[in-house]
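Asks: According to TrEMBL, the feature region 'Disordered' maps to A:1-31, A:211-239. Annotation comment: TrEMBL describes A:20-31, A:211-224 as compositional bias 'Basic and acidic residues'. The Mg(2+) binding site annotation in TrEMBL covers A:Asp88, A:Asp154. What TrEMBL records for A:Tyr124 is site 'Interaction with target DNA'.
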Amino acid sequence: MSPPAGIDTDALARPEFLPDPDRSRKEMESLQRELAASATFVDDLGFGPDAVAFDEPADLSAGLPPARTEALGELDANPDAPVVVGVDQAFRPERDEAVSAAVAFRGGRVVEYAEAVTPLSIPYVPGLLAFREGEPMLAALEDLSVAPDFLVCDGSGRIHFRQAGIATHIGVICDLPSVGVAKSLLCGEPDEPVGERPEGWSTPIRADDSVERVGGLDEDRTGDDADVGTDPPGTDLPVVGHAYQSRQYPNSRRVNPLYVSPGHRVSPETAVDLVAALCAGYKLPEPTRLADAHADRVKRRLGGDE
DNA sequence: GCGACAG
DNA sequence: ATCTTGTCGC
């Protein structure tokens with residue numbers, strides 16, 4: 001049995017990574033370097049893509065599916081399935097508040113919806129998103145009564161100037177495996193051009209000059225020195241994530257790929273494999289898609305203004 | 001100085 | 001992210 005423990009609130013133990021209006025940009029950047037150094041971009045999960053795979057997308061036409069608490073029970077078909085949690089946010093610009101949502105799944109079923117409304121204290125700055133939205137995300141996670149085994153965050157993880165995107169912040173703070181799923185590329189360079197690609201296609205994103213290298217963090221690089229010079233150009237650069245074509249129309253090229261990167265305790269390769277398994281017919285992985293819908297629902301319930 | 005930049 | 005109707009294409 002797994003008692004509803006929710007998140008191990010280590011968040012309070014790492015206040016340095018939470019928003020502080022008085023902190024300078026330089027200070028936030030060095031905190032991220034510190035955080036990247038304590039992050040792990042190698043597999044440390046205890047389960048694989050098959051354990052979290054969705055075989056059917058949720059039907060949202062009549063609203064979100066009800067949470068099935070019984071899916072947590074011992075009579076569940078797959079009692080050992082990991083708890084996957086998708087997190088996303090909606091905003092109330094007029095009030096400068098974030099509405100964050102966390103949706104927990106087990107065996108492909110929703111087991112809990114959680115949410116939080118949080119005042120925003122820091123503006124959006126590319127590269128410093130976690131200092132604006134990290135607190136709200138944690139608030140939604142702490143509203144959960146089930147303990148997550150894996151977090152799917154919207155935004156980048158290792159695909160980040162200091163290899164510490166919001167998925168990395170959240171993963172390290174909670175000490176949970178996490179991945180970042182972004183709809184556009186923050187930095188880095190794809191091995192191949194990212195256009196007109198078939199469903200299921202993916203290509204590595206490698207660190208470019210805009211990505212700071214983190215000491216002791218690149219030992220997960222593939223190949224050894226003997227390969228240098230024989231590999232294609234750029235192959236010696238560290239892979240920080242992947243572009244992944246989760247959806248595509250047969251006779252059209254309009255859908256852009258997803259940019260998947262490890263947050264914490266996962267490798268770039270496993271991160272894409274996990275996200276591929278979480279996708280069930282739509283562009284976004286199911287956890288993210290439902291978290292997005294739940295955040296919108298909560299926002300609507302709160303009302304258009306005041 | 002110019003460009004580029006998750007949500 | 002948010003402001004927003006209809007509309008082009010599978």
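Every residue, even glycine, has its Cβ placed from backbone N, Cα and C.
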Asks: Return the residue, from the listed binding-site residues A:Asp88, A:Asp154, with the maximum count of other C-beta atoms within 10 angstroms of its C-beta.
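Replies: It comes out as A:Asp88.
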Asks: Let's check the environment of A:Tyr124 (site 'Interaction with target DNA'): how many other CB atoms sit within 10 Å of its CB?
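Replies: Step by step: centre on the Cβ of A:Tyr124 (site 'Interaction with target DNA'), count other Cβ atoms within 10 Å, giving 11.
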Asks: In the compositional bias 'Basic and acidic residues' (A:20-31), how many residues does DSSP put in helix, strand and coil?
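Replies: Output for the compositional bias 'Basic and acidic residues' (A:20-31) reads 7 helix, 0 strand, 5 coil.
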Asks: Taking the Cα atoms as reference points, how far is A:Asp154 (Mg(2+) binding site) from A:Tyr124 (site 'Interaction with target DNA') in Å?
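Replies: Each residue's Cα considered, A:Asp154 (Mg(2+) binding site) and A:Tyr124 (site 'Interaction with target DNA') end up 15 Å apart.
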Asks: Between the Cα atoms of A:Asp88 (Mg(2+) binding site) and A:Tyr124 (site 'Interaction with target DNA'), find the distance and write it as a whole number of Å.
Replies: 16
Asks: Does DSSP give A:Asp154 (Mg(2+) binding site) helix, strand or coil?
Replies: strand
